[in-house]
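Enquirer: Have a look at this one.
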Amino acid sequence: MKRRSVLLSGVALSGTALANDSIFFSPLKYLGAEQQRSIDASRSLLDNLIPPSLPQYDNLAGKLARRAVLTSKKLVYVWTENFANVKGVPMARSVPLGELPNVDWLLKTAGVIVELIVNFVASLPASAAAQFERIAAGLSGDLEAARQVHEALLEEAKNDPAAAGSLLLRFTELQTRVIALLTRVGLLVDDILKSASNLVTQGGQGDGLNRFRAVFGTLRLPEVADSFRDDEAFAYWRVAGPNPLLIRRVDALPANFPLGEEQFRRVMGADDSLLEAAASRRLYLLDYAELGKLAPSGAVDKLLTGTGFAYAPIALFALGKDRAGLLPVAIQCGQDPATHPMFVRPAESESDLYWGWQMAKTVVQVAEENYHEMFVHLAQTHLVSEAFCLATQRTLAPSHPLHVLLAPHFEGTLFINEGAARILLPSAGFIDVMFAAPIQDTQATAGGNRLGFDFYRGMLPESLKARNVDDPAALPDYPYRDDGLLVWNAIRQWAADYVAVYYASDGDVTADVELAAWVGEVIGSGKVAGFRPITGRSQLVEVLTMVIFTASAQHAAVNFPQPSMMTYAPAICAMSAAPAPDSPSGKSEADWLKMMPPTLVALEKVNIYHLLGSVYHGRLGDYRQTGFPYAPVFSDRRVTASGGPLERFQARLKEVEATIRTRNQARRKPYEYLLPSRIPASTNI
């Protein structure tokens with residue numbers, strides 16, 4: 001019964017996540033958040049009468065006021081390294097009321113959760129589904145009506161800004177409706193858990209891939225379900241998938257990856273060679289050694305999912321002499337060649353090697369999901385932004401120009417990170433169910449990756465250079481790199497223009513005591529590796545670019561591929577139900593199918609990855625307050641004037657959008673994750 005109950009918890013973020021305090025919080029707490037936003041908005045109106053200023057240029061009264069505000073902020077924004085399930089990682093001890101999500105976010109997220117409920121109910125027997133379908137349909141209709149009211153209120157406030165105050169009463173009524181809707185969503189999940197637990201089974205190995213397709217009841221089956229076994233598609237994941245940050249160019253193969261010249265030529269042709277490919281910059285490697293305890297190699301037994309496996313493979317890719325696109329060459333399913341044989345991509349005529357090769361690719365995809373979710377996604381975006389959010393609130397007064405700039409890029413971050421720690425990472429939570437490693441090892445390894453992430457080395461241009469993939473002449477087809485640099489440079493110019501408004505010289509930077517305190521908190525309490533004192537304007541620009549890019553574009557690039565690329569379990573999964581293949585030959589489709597995860601894992605993947613990748617809240621370049629009527633953040637005419645820094649930034653983003661759309665017409669497949677129109681300003685989901 002417990003096994004089935006957890007299976008059904010995959011319906012929509014798990015029953016407790018919806019019904020209890022973890023995701024939507026209690027109505028009273030939520031109303032308190034709205035009251036706090038109203039207070040903050042009132043203060044903001046007063047602050048807007050005085051342009052932001054550096055502390056050294058404030059008068060005595062202003063300096064005392066700044067100090068008082070920061071003293072009170074430090075009582076609310078409190079560091080801890082003992083947060084449940086992420087111990088050792090600097091986090092907020094609790095989420096302040098003003099950091100809870102607003103009505104706009106709640107409506108969007110609730111809508112996606114209802115979609116997931118409808119999808120799950122569609123897979124139930126008709127007799128059981130009927131009652132839930134009616135309730136879910138009613139919820140969908142009521143949510144749509146609430147969205148329409150919300151949009152109408154915004155339109156009225158936009159057309160008549162002076163009427164915004166009179167609209168607050170109607171907005172308060174909308175809040176009450178939304179709270180009631182959220183309560184109904186939670187009750188529906190509870191009812192499904194109670195009534196349907198005896199109607200769902202986990203399926204078995206004998207039904208092939210049908211059980212994985214069946215979990216897409218009303219949701220669209222991703223295209224990857226029909227292409228994931230294709231070798232070119234497998235290679236394309238490395239440059240345009242959810243984890244485009246591991247592939248690196250190599251001049252020689254590592255000693256523990258003994259691919260022979262003859263094996264290479266079997267794949268790339270008799271007229272090519274390893275030496276020639278290396279010399280012409282055509283060899284590219286994936287090495288998952290960094291996974292550590294996320295790849296225990298041996299069997300791991302779990303109550304809910306049975307036996308699971310994960311490894312730290314090495315995979316070689318190469319470009320042909322025409323550089324048309326990466327091709328997989330060989331895979332070693334672990335770090336030790338003595339225990340893991342080499343799998344070389346077979347020719348079409350080598351049918352006896354086909355399923356062994358597919359099994360080796362599955363081992364790579366298991367490692368890929370582990371690396372992506374725990375390192376690239378959780379550690380290097382969510383948890384990095386957490387540190388900068390806390391430091392900003394604790395050390396930069398609301399009147400500081402950098403606080404005004406950065407705060408919108410942290411909207412929702414503390415809230416969603418607390419949800420990740422409490423819902424995704426506990427024992428028997430989503431990650432424990434979906435991933436092979438023991439949950440304690442997963443928690444510790446993800447935390448270690450966050451603490452080891454070097455801020456300056458993580459900057460996009462530096463990361464590309466360090467991996468030897470920065471030159472388009474060597475690797476022409478790399479959508480993440482090419483589109484990412486467009487967005488990076490647009491943000492960098494915006495940061496430079498903004499800094500120039502408030503910092504007349506490098507001396508202004510070094511004289512800024514609040515900035516110095518911010519740096520100190522990031523280094524000391526935030527434990528951001530590699531961070532160092534800021535001594536001039538150009539360095540400040542690079543730092544701001546990295547902070548903004550991480551919270552917005554980088555998170556978008558690794559988060560929003562999840563629904564289309566990661567919800568179909570056979571294409572990628574963080575655990576295998578069978579060990580890595582021990583021989584390239586003699587394997588069958590049945591052997592490969594044994595590696596597929598339990599249906600429980602497939603359900604969990606659909607629900608969590610569809611949710612996380614389907615909520616788009618806010619947009620890069622659109623700086624608005626979090627409380628109704630979501631007024632503009634900037635009021636300083638030096639920033640907002642026609643042709644000024646903000647308008648130029650928004651114009652550049654439109655140019656980037658047009659360039660990417662043009663590029664997509666010529667690409668193997670459109671890469672849409674870094675379109676500025678699809679990049680939220682903050683990490684809020």
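From the backbone N, Cα and C atoms, a Cβ is placed for every residue, glycine too.
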Enquirer: Record says His377, His382, His555, Asn559 bind Fe cation. Source is Swiss-Prot. Which of Ile192, Ile247, Ile685 does it list for that same site?
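Expert: Site partner of His377, His382, His555, Asn559 for Fe cation, according to Swiss-Prot: Ile685.
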Enquirer: Can you check what DSSP calls Ile685 (Fe cation binding site), collapsed to helix, strand or coil?
Expert: coil
Enquirer: Cβ distance under 8 Å to Ile685 (Fe cation binding site), same chain, sequence separation 6 or more: which residues?
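Expert: Non-local contacts for Ile685 (Fe cation binding site): Thr109, Gly412, Ile416, Asn559, Leu611, Leu612, Val615, His617.
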Enquirer: Can you name every residue in this chain, apart from His377, His382, His555, Asn559, Ile685, with its Cβ inside 8 Å of the center of the Cβ atoms of the recorded Fe cation site?
Expert: Leu378, Thr381, Ile416, Val558, Leu612, Thr683
Enquirer: Give me the non-local Cβ neighbours of His555 (Fe cation binding site): same chain, 6+ apart in sequence, Cβ-Cβ under 8 Å, ordered along the sequence.
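Expert: Those within reach of His555 (Fe cation binding site), by Cβ under 8 Å and sequence separation of 6 or more, are His377, Thr381, His382, Ser385, Pro680, Thr683.
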Enquirer: Can you count the other CB atoms that lie within 10 A of the CB of His382 (Fe cation binding site)?
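Expert: The answer is 23.
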Enquirer: Near the Cβ of Asn559 (Fe cation binding site), how many other Cβ atoms are there if near means within 10 Å?
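Expert: By my count, 22.
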Enquirer: According to DSSP, folded down to helix, strand and coil, what is His382 (Fe cation binding site)?
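Expert: In three-state terms, His382 (Fe cation binding site) counts as helix.
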